[in-house]
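Novice: Taken from Swiss-Prot, the feature active site, acyl-thioester intermediate applies to Cys132, supported by sequence analysis. Here Swiss-Prot flags Ser12, Gly13, Asn14, Ile15, Ser163, Ala164, Gly165, Pro166, Gly167, Thr168, Arg169, Ala170, Asn171, Asn291 as NAD(+) binding site, drawing on sequence analysis.
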Amino acid sequence: MARKLKAAIIGSGNIGTDLMIKILRHGQNIEMGAMVGIDPASDGLARAARMGVATTHEGVEGLTRLDVFKDIDFVFDATSAGAHVKNDAFLRTLKPGIRMIDLTPAAIGPYCIPVVNGEDHLDALNVNMVTCGGQATIPMVAAVSRVAKVHYGEIVASISSKSAGPGTRANIDEFTETTSKAIEVVGGAAKGKAIIVLNPAEPPLIMRDTVYTLSDFASEDAIAESVERMAADVQAYVPGYRLKQKVQFDRIEASHPINIPGVGPRMSGLKTSIFLEVEGAAHYLPAYAGNLDIMTSAGLRTAEHMATRMLAA
(Lines of atoms letter the chains of each structure in order from A; the text may use other names.)
(Lines give C-alpha, C1' and ligand atoms only; values in the text may rest on other atoms or scores of the structure.)
Protein backbone atom coordinates (compact mmCIF):
# COMPACT_ATOMS: atom_id res chain seq x y z
CA MET A 1 0.00 0.00 0.00
CA ALA A 2 1.40 3.39 -1.01
CA ARG A 3 2.50 5.63 1.82
CA LYS A 4 0.35 8.67 2.52
CA LEU A 5 1.12 11.83 4.46
CA LYS A 6 -1.10 12.69 7.40
CA ALA A 7 -3.01 15.95 7.59
CA ALA A 8 -4.76 17.82 10.36
CA ILE A 9 -7.61 20.25 9.77
CA ILE A 10 -8.00 23.22 12.10
CA GLY A 11 -11.58 24.45 12.04
CA SER A 12 -14.50 22.05 12.25
CA GLY A 13 -17.02 24.28 10.47
CA ASN A 14 -18.41 24.05 6.94
CA ILE A 15 -15.09 24.28 5.09
CA GLY A 16 -13.16 22.01 7.44
CA THR A 17 -15.85 19.33 7.47
CA ASP A 18 -16.24 19.37 3.68
CA LEU A 19 -12.47 19.06 3.29
CA MET A 20 -12.31 16.17 5.74
CA ILE A 21 -14.89 14.20 3.76
CA LYS A 22 -12.96 14.87 0.53
CA ILE A 23 -9.72 13.59 2.03
CA LEU A 24 -11.38 10.48 3.46
CA ARG A 25 -13.05 9.67 0.14
CA HIS A 26 -10.57 10.86 -2.44
CA GLY A 27 -7.15 11.40 -0.82
CA GLN A 28 -4.36 10.00 -3.00
CA ASN A 29 -1.21 11.04 -1.14
CA ILE A 30 -2.96 12.67 1.84
CA GLU A 31 -4.90 10.99 4.66
CA MET A 32 -6.71 12.35 7.69
CA GLY A 33 -4.79 12.55 10.93
CA ALA A 34 -6.86 14.86 13.12
CA MET A 35 -9.78 17.28 13.17
CA VAL A 36 -9.37 20.30 15.44
CA GLY A 37 -12.10 22.60 16.73
CA ILE A 38 -13.01 24.77 19.70
CA ASP A 39 -16.67 23.81 20.12
CA PRO A 40 -17.08 20.36 21.68
CA ALA A 41 -20.64 20.22 20.34
CA SER A 42 -19.73 21.01 16.71
CA ASP A 43 -21.13 18.76 14.00
CA GLY A 44 -17.73 18.60 12.32
CA LEU A 45 -16.01 17.10 15.37
CA ALA A 46 -18.87 14.65 15.87
CA ARG A 47 -18.64 13.50 12.24
CA ALA A 48 -14.87 13.15 12.47
CA ALA A 49 -15.15 10.99 15.58
CA ARG A 50 -17.76 8.77 13.90
CA MET A 51 -15.42 8.34 10.94
CA GLY A 52 -12.53 7.26 13.14
CA VAL A 53 -10.54 10.51 12.97
CA ALA A 54 -8.73 11.77 16.07
CA THR A 55 -10.37 14.94 17.41
CA THR A 56 -9.82 17.72 19.90
CA HIS A 57 -12.00 20.67 20.90
CA GLU A 58 -9.05 22.44 22.53
CA GLY A 59 -7.82 24.23 19.43
CA VAL A 60 -4.32 24.14 18.03
CA GLU A 61 -2.81 23.49 21.46
CA GLY A 62 -5.03 20.43 21.77
CA LEU A 63 -3.70 19.22 18.42
CA THR A 64 -0.14 19.21 19.73
CA ARG A 65 -1.24 16.99 22.63
CA LEU A 66 -2.70 14.31 20.36
CA ASP A 67 -0.57 11.19 19.82
CA VAL A 68 -0.95 11.59 16.06
CA PHE A 69 0.63 15.07 16.04
CA LYS A 70 4.14 13.64 15.68
CA ASP A 71 3.09 12.15 12.32
CA ILE A 72 1.35 15.24 10.91
CA ASP A 73 3.01 16.69 7.80
CA PHE A 74 0.20 18.96 6.57
CA VAL A 75 -2.16 21.32 8.35
CA PHE A 76 -5.17 22.83 6.62
CA ASP A 77 -6.31 25.96 8.45
CA ALA A 78 -10.02 26.71 8.02
CA THR A 79 -10.42 29.15 10.91
CA SER A 80 -10.11 32.90 10.40
CA ALA A 81 -7.44 35.25 9.11
CA GLY A 82 -6.44 36.43 12.57
CA ALA A 83 -6.38 32.92 14.02
CA HIS A 84 -4.25 31.59 11.17
CA VAL A 85 -1.39 33.98 11.90
CA LYS A 86 -1.27 32.70 15.49
CA ASN A 87 -1.73 29.05 14.51
CA ASP A 88 1.12 29.15 12.02
CA ALA A 89 3.50 30.81 14.47
CA PHE A 90 2.59 28.40 17.28
CA LEU A 91 2.94 25.20 15.24
CA ARG A 92 6.30 26.28 13.80
CA THR A 93 7.78 26.47 17.29
CA LEU A 94 7.23 22.69 17.47
CA LYS A 95 7.46 21.68 13.80
CA PRO A 96 9.34 24.34 11.79
CA GLY A 97 8.95 22.46 8.50
CA ILE A 98 5.25 21.71 8.70
CA ARG A 99 3.26 22.51 5.54
CA MET A 100 0.35 24.92 6.09
CA ILE A 101 -2.48 25.18 3.57
CA ASP A 102 -4.19 28.44 4.51
CA LEU A 103 -7.91 28.42 3.67
CA THR A 104 -8.41 31.83 5.31
CA PRO A 105 -7.69 35.25 3.78
CA ALA A 106 -4.66 35.75 6.07
CA ALA A 107 -2.21 35.47 3.15
CA ILE A 108 1.03 35.22 5.09
CA GLY A 109 2.23 32.83 2.38
CA PRO A 110 2.05 33.22 -1.42
CA TYR A 111 -1.33 33.16 -3.14
CA CYS A 112 -2.07 29.84 -4.82
CA ILE A 113 -4.59 29.22 -7.60
CA PRO A 114 -3.83 25.64 -8.77
CA VAL A 115 -4.51 26.13 -12.49
CA VAL A 116 -2.63 29.43 -12.66
CA ASN A 117 0.42 29.22 -10.39
CA GLY A 118 0.06 25.99 -8.43
CA GLU A 119 3.34 24.59 -9.70
CA ASP A 120 5.24 27.68 -8.54
CA HIS A 121 4.89 27.06 -4.80
CA LEU A 122 5.27 23.31 -4.30
CA ASP A 123 8.15 23.84 -1.87
CA ALA A 124 6.52 26.66 0.13
CA LEU A 125 5.88 25.99 3.82
CA ASN A 126 2.74 28.11 3.80
CA VAL A 127 0.45 28.78 0.85
CA ASN A 128 -2.71 30.86 0.82
CA MET A 129 -5.72 29.64 -1.14
CA VAL A 130 -7.05 33.22 -1.44
CA THR A 131 -10.86 32.90 -1.10
CA CYS A 132 -13.70 30.91 -2.62
CA GLY A 133 -14.50 33.83 -4.91
CA GLY A 134 -10.85 34.13 -5.85
CA GLN A 135 -10.55 30.44 -6.70
CA ALA A 136 -13.57 30.75 -9.00
CA THR A 137 -12.75 34.01 -10.74
CA ILE A 138 -9.00 34.61 -10.79
CA PRO A 139 -8.45 31.83 -13.36
CA MET A 140 -10.74 33.80 -15.68
CA VAL A 141 -8.80 37.04 -15.17
CA ALA A 142 -5.60 35.09 -15.88
CA ALA A 143 -7.20 33.59 -19.00
CA VAL A 144 -7.78 37.08 -20.38
CA SER A 145 -4.38 38.41 -19.28
CA ARG A 146 -2.49 35.68 -21.13
CA VAL A 147 -4.01 37.09 -24.34
CA ALA A 148 -4.08 40.85 -23.64
CA LYS A 149 -2.82 43.27 -21.00
CA VAL A 150 -5.56 43.64 -18.36
CA HIS A 151 -5.79 47.12 -16.88
CA TYR A 152 -8.71 46.38 -14.55
CA GLY A 153 -10.34 43.23 -13.23
CA GLU A 154 -13.52 43.20 -11.15
CA ILE A 155 -15.24 40.14 -9.71
CA VAL A 156 -18.60 39.70 -8.00
CA ALA A 157 -19.05 36.48 -6.02
CA SER A 158 -22.59 35.62 -4.94
CA ILE A 159 -22.93 32.77 -2.47
CA SER A 160 -25.82 31.38 -0.49
CA SER A 161 -26.06 32.89 2.96
CA LYS A 162 -26.69 29.39 4.28
CA SER A 163 -23.27 28.24 3.09
CA ALA A 164 -21.45 31.03 4.93
CA GLY A 165 -20.58 30.00 8.46
CA PRO A 166 -19.27 32.25 11.25
CA GLY A 167 -15.69 32.06 9.95
CA THR A 168 -16.66 33.29 6.49
CA ARG A 169 -18.77 36.09 7.96
CA ALA A 170 -15.93 37.20 10.23
CA ASN A 171 -13.63 37.39 7.21
CA ILE A 172 -15.74 39.58 4.89
CA ASP A 173 -13.35 42.55 4.93
CA GLU A 174 -10.32 40.30 4.50
CA PHE A 175 -12.15 38.50 1.67
CA THR A 176 -12.39 41.66 -0.42
CA GLU A 177 -8.85 42.79 0.39
CA THR A 178 -7.17 39.44 -0.28
CA THR A 179 -9.18 38.67 -3.42
CA SER A 180 -8.56 42.15 -4.86
CA LYS A 181 -4.82 41.80 -4.32
CA ALA A 182 -4.71 38.29 -5.78
CA ILE A 183 -6.55 39.49 -8.91
CA GLU A 184 -3.48 41.63 -9.48
CA VAL A 185 -0.70 39.32 -8.27
CA VAL A 186 -2.00 36.05 -9.75
CA GLY A 187 -4.60 37.17 -12.27
CA GLY A 188 -2.31 39.71 -13.89
CA ALA A 189 -4.61 42.74 -13.70
CA ALA A 190 -3.03 46.12 -13.05
CA LYS A 191 -5.89 46.89 -10.65
CA GLY A 192 -8.31 44.47 -9.02
CA LYS A 193 -11.59 44.81 -7.17
CA ALA A 194 -13.67 42.16 -5.41
CA ILE A 195 -17.26 42.20 -4.19
CA ILE A 196 -19.00 39.43 -2.22
CA VAL A 197 -22.76 39.00 -1.86
CA LEU A 198 -24.32 36.71 0.75
CA ASN A 199 -27.65 35.85 -0.85
CA PRO A 200 -30.37 35.05 1.75
CA ALA A 201 -32.79 33.61 -0.83
CA GLU A 202 -34.71 30.44 0.01
CA PRO A 203 -34.33 27.87 -1.33
CA PRO A 204 -30.58 28.61 -1.39
CA LEU A 205 -29.15 29.58 -4.76
CA ILE A 206 -26.08 28.04 -6.36
CA MET A 207 -22.79 30.00 -6.30
CA ARG A 208 -22.63 32.51 -9.13
CA ASP A 209 -19.63 34.62 -10.12
CA THR A 210 -19.25 37.46 -12.59
CA VAL A 211 -15.89 38.60 -13.94
CA TYR A 212 -15.31 41.88 -15.76
CA THR A 213 -12.00 42.86 -17.30
CA LEU A 214 -10.87 45.89 -19.26
CA SER A 215 -7.89 45.05 -21.42
CA ASP A 216 -6.04 46.22 -24.48
CA PHE A 217 -7.87 45.47 -27.70
CA ALA A 218 -7.24 41.87 -28.78
CA SER A 219 -8.83 39.01 -30.68
CA GLU A 220 -12.19 38.21 -29.11
CA ASP A 221 -11.96 34.66 -30.41
CA ALA A 222 -8.55 34.22 -28.77
CA ILE A 223 -9.86 35.45 -25.42
CA ALA A 224 -12.98 33.27 -25.61
CA GLU A 225 -10.84 30.23 -26.43
CA SER A 226 -8.48 31.00 -23.56
CA VAL A 227 -11.41 31.34 -21.14
CA GLU A 228 -12.97 28.05 -22.27
CA ARG A 229 -9.63 26.26 -21.95
CA MET A 230 -9.13 27.62 -18.44
CA ALA A 231 -12.65 26.59 -17.43
CA ALA A 232 -11.89 23.04 -18.55
CA ASP A 233 -8.70 23.07 -16.47
CA VAL A 234 -10.64 24.08 -13.34
CA GLN A 235 -13.28 21.42 -14.06
CA ALA A 236 -10.54 18.79 -13.70
CA TYR A 237 -10.77 19.20 -9.91
CA VAL A 238 -14.10 21.05 -9.54
CA PRO A 239 -16.52 19.20 -11.85
CA GLY A 240 -19.37 21.58 -11.04
CA TYR A 241 -17.47 24.63 -12.36
CA ARG A 242 -18.88 25.93 -15.63
CA LEU A 243 -19.43 28.94 -17.86
CA LYS A 244 -23.05 30.02 -17.54
CA GLN A 245 -23.15 31.56 -21.02
CA LYS A 246 -20.86 32.64 -23.83
CA VAL A 247 -18.20 35.23 -23.08
CA GLN A 248 -19.44 38.73 -23.90
CA PHE A 249 -17.41 41.60 -25.31
CA ASP A 250 -17.84 45.37 -25.54
CA ARG A 251 -15.43 47.63 -27.38
CA ILE A 252 -14.85 50.89 -25.53
CA GLU A 253 -13.36 53.26 -28.08
CA ALA A 254 -11.04 56.13 -27.22
CA SER A 255 -13.68 58.50 -28.57
CA HIS A 256 -16.08 57.36 -25.80
CA PRO A 257 -13.85 56.53 -22.80
CA ILE A 258 -15.09 55.47 -19.39
CA ASN A 259 -14.01 56.44 -15.88
CA ILE A 260 -12.82 53.68 -13.55
CA PRO A 261 -12.20 55.08 -10.05
CA GLY A 262 -8.67 54.37 -8.92
CA VAL A 263 -7.58 53.43 -12.43
CA GLY A 264 -8.17 56.33 -14.78
CA PRO A 265 -10.75 58.87 -15.99
CA ARG A 266 -10.36 58.15 -19.70
CA MET A 267 -10.10 54.40 -20.15
CA SER A 268 -10.67 52.58 -23.41
CA GLY A 269 -10.15 49.02 -24.56
CA LEU A 270 -11.95 45.69 -24.66
CA LYS A 271 -14.42 44.91 -21.90
CA THR A 272 -14.83 41.17 -21.33
CA SER A 273 -17.72 39.82 -19.25
CA ILE A 274 -17.60 36.23 -17.99
CA PHE A 275 -20.46 34.54 -16.14
CA LEU A 276 -19.78 31.48 -13.99
CA GLU A 277 -21.68 28.95 -11.94
CA VAL A 278 -20.16 26.61 -9.37
CA GLU A 279 -22.17 23.60 -8.27
CA GLY A 280 -20.85 21.81 -5.23
CA ALA A 281 -20.16 18.09 -4.96
CA ALA A 282 -22.46 17.97 -1.89
CA HIS A 283 -19.87 16.21 0.26
CA TYR A 284 -21.14 18.12 3.30
CA LEU A 285 -23.57 20.91 2.48
CA PRO A 286 -25.93 20.50 -0.52
CA ALA A 287 -24.92 21.31 -4.10
CA TYR A 288 -25.73 25.02 -3.77
CA ALA A 289 -22.55 25.44 -1.68
CA GLY A 290 -20.15 25.55 -4.62
CA ASN A 291 -18.08 28.05 -2.66
CA LEU A 292 -17.13 25.29 -0.22
CA ASP A 293 -16.38 22.82 -2.98
CA ILE A 294 -14.06 25.05 -5.00
CA MET A 295 -12.11 26.15 -1.91
CA THR A 296 -11.61 22.69 -0.44
CA SER A 297 -10.93 21.10 -3.84
CA ALA A 298 -8.25 23.70 -4.59
CA GLY A 299 -6.67 23.22 -1.16
CA LEU A 300 -6.60 19.44 -1.48
CA ARG A 301 -5.23 19.58 -5.03
CA THR A 302 -2.41 21.85 -3.87
CA ALA A 303 -1.55 19.57 -0.94
CA GLU A 304 -1.65 16.48 -3.16
CA HIS A 305 0.86 18.02 -5.57
CA MET A 306 3.12 19.01 -2.67
CA ALA A 307 2.85 15.51 -1.20
CA THR A 308 3.75 13.92 -4.53
CA ARG A 309 7.00 15.89 -4.56
CA MET A 310 7.73 15.15 -0.89
CA LEU A 311 7.14 11.40 -1.30
CA ALA A 312 9.36 11.29 -4.38
CA ALA A 313 12.26 13.02 -2.63
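Placed from the backbone N, Cα and C atoms, the Cβ positions cover glycine too.
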Novice: For the NAD(+) site made of Ser12, Gly13, Asn14, Ile15, Ser163, Ala164, Gly165, Pro166, Gly167, Thr168, Arg169, Ala170, Asn171, Asn291, how many Å separate the two farthest Cα atoms?
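Specialist: About 16 Å separates the two most distant Cα atoms.
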Novice: Sort out the sequence-distant neighbours of Asn14 (NAD(+) binding site) for me: same chain, 6+ apart, CB within less than 8 Å of its CB, listed by position.
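Specialist: Spatial neighbours, sequence-distant, of Asn14 (NAD(+) binding site): Ser163, Ala164, Gly165, Gly167, Thr168, Tyr284, Leu285, Ala289, Leu292.
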Novice: In Å, rounded, how far does the Cα of Cys132 (active site, acyl-thioester intermediate) sit from the Cα of Asn171 (NAD(+) binding site)?
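Specialist: Per the Cα atoms, Cys132 (active site, acyl-thioester intermediate) and Asn171 (NAD(+) binding site) stand 12 Å apart.
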Novice: Provide the three-state secondary structure of Asn14 (NAD(+) binding site) computed with DSSP.
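Specialist: DSSP call for Asn14 (NAD(+) binding site): helix.
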Novice: Any idea what DSSP makes of Cys132 (active site, acyl-thioester intermediate), helix, strand or coil?
Specialist: helix
Novice: Say we define neighbours as other CB atoms within 10 Å of the CB. Which of the binding-site residues Ser12, Ser163, Asn171 has the fewest?
Specialist: Asn171
Novice: Return the residues near Arg169 (NAD(+) binding site) by Cβ distance under 8 Å, restricted to its own chain and a separation of at least 6 in sequence.
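Specialist: Non-local contacts for Arg169 (NAD(+) binding site): Leu198.
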Novice: Return the count of C-beta atoms lying within 10 angstroms of the C-beta of Gly167 (NAD(+) binding site), excluding that atom itself.
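Specialist: By my count, 19.
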